[in-house]
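All remarks here apply to the structure that follows.
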Amino acid sequence: MEAIINKLYEQQSLTQEESQQLFDIIIRGELDPILMASALTALKIKGETPDEIAGAAKALLANANPFPRPDYDFADIVGTGGDGHNTINISTTAAFVAAACGLKVAKHGNRSVSSKSGSSDLLDSFGINLAMSAEDTRKAVDDIGVAFLFAPQYHGGVRHAMPVRQTMKTRTIFNILGPLINPARPNIELMGVYSEELVRPIAETMLQMGMKRAAVVHGSGLDEVAIHGTTTVAEIKDGKITEYTLTPEDFGLESHPLEAIKGGDPEENKAIITNILTGKGTDAQLGAVAVNVALLMRLFGHEDLKANTQQAIEAMNSGKAYQLVQQLAAHA
C-alpha cells in the first residue's frame, strides 16, 4: 500500500488494479484516516483518471451487499448531484416516467448532496420503503418496472471514509462514484455530472466497466439534460464513445429559464412532483423530465428524441407515471 500511496505523492496515475487495491482497503476500514485523506487529496489535485475511477468503483461493487441482477436490459438514471442549483428531482421523477414508457429502471440513490431534497427524501415522502430487501426491490423492477436501491443499505463500507470526507469539506472521487456503483449493475445508464470536464472521463470509465449502452451528460450547469440551454453528451454504443450536443429544440421543445425548474424542501417537492406525474406541472417542469426520459429511451434503441419526448409527456398527462409511485409505495 505504501508503494501505491507514494506513487500518488509523486503525481503519478495509478493503474486500475492499484486503485482497486487502495479502495478495497479504504472500504474495509483498514486504511489510517490520515493516509486516506492524503490519498484522496493527491488524487484530487492530480485529477482522477478513468482507470482510477473504474478501479475504485470495482472495489466498492466487489464489497457491496449482493443484489439478484435481472437478465434483461435495465437502466439507472442518475446525477452526481452537487451542481449547486437545487432543481426539482428530475432523475427520480424521470425514473417513474421511463417505467411508464415501458423501460425497466433500478435507480441507485442517496440522501441529498446539494438540493434541499435528495431522491431518498422525496421517495420517503411518498411512503416508498427505502429499506426494501434486495429480493423485494428486484421483484418491483420485474413487476412495476421501477425500484430504488438506497446506497447505505448496500455500501456499508463507505462509512469508513465518511469522517475523512466530512473533515476535508471538498469534492473527492467519492462524489462521482455514487452513480457508478449501483449494486444491481445495470447495463444501460444515463448519468449526469456536475462539471462538463467530467463528461468524457466518466464515459471512458463506464466503457471500462463494461456498460452496454450509456450516456454521460452535463446540461449548462446541471447534472441533467437541460431544458434551459445546451447539453454536452458522451454516448457509449457498440464499444465506442460519440460526443455531441443537444438543445431543447432537438427534443421538439422550447427552452425555459433555469428558475422555472427550481425545487424546494421535501414537502414542496412532493407537491411539484405529484403535479408533474399527473400532467399538471408547468410546461418547463414536464419538459425538463421528458428530455431526460427521451435520451434514456434512445439508450434502449428508440432513436427518435422528438417522438420519445411526446411519449414521455403522454405518460405524465395520462397519470400512468403517478400510478407507478402508488404501486411502489404499496409494494412494501
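The backbone N, Cα and C atoms fix where each Cβ goes, glycine too.
Taken straight from Swiss-Prot:
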BINDING   G79, 82-83, T87, 89-92, 107-115, S119  5-phospho-alpha-D-ribose 1-diphosphate binding site
BINDING   G79, N110  anthranilate 1 binding site
BINDING   S91, E224  Mg(2+) 1 binding site
BINDING   R165  anthranilate 2 binding site
BINDING   D223, E224  Mg(2+) 2 binding site
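Shown on the structure are the features that Swiss-Prot records.
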{"residue": "G79", "record": "5-phospho-alpha-D-ribose 1-diphosphate binding site", "DSSP class": "strand"}
{"residue": "T87", "record": "5-phospho-alpha-D-ribose 1-diphosphate binding site", "DSSP class": "strand"}
{"residue": "H108", "record": "5-phospho-alpha-D-ribose 1-diphosphate binding site", "DSSP class": "strand"}
{"residue": "R165", "record": "anthranilate 2 binding site", "DSSP class": "helix"}
{"residue": "D223", "record": "Mg(2+) 2 binding site", "DSSP class": "coil"}
Tell me the Cβ contacts of R165 (anthranilate 2 binding site) under 8 Å, same chain only and six or more apart in sequence, or just say none.
L40, T172, F174
Please compare the binding-site residues H108, R111 by how many other CB atoms fall within 10 Å of each one's CB, and tell me which has the fewest.
R111
Among T87, N110, the one of these binding-site residues whose Cβ has the fewest neighbouring Cβ atoms within 10 Å:
N110
Can you tell me how many other Cβ atoms are located within 10 Å of the Cβ belonging to D223 (Mg(2+) 2 binding site)?
28
Name the residues of the same chain, 6+ apart in sequence, whose Cβ is under 8 Å from the Cβ of E224 (Mg(2+) 1 binding site)?
G79, T87, I90, S91, G192, V217, A288, N292
Could you tell me which of these binding-site residues, G79, S91, has the fewest other Cβ atoms within 10 Å of its Cβ?
S91
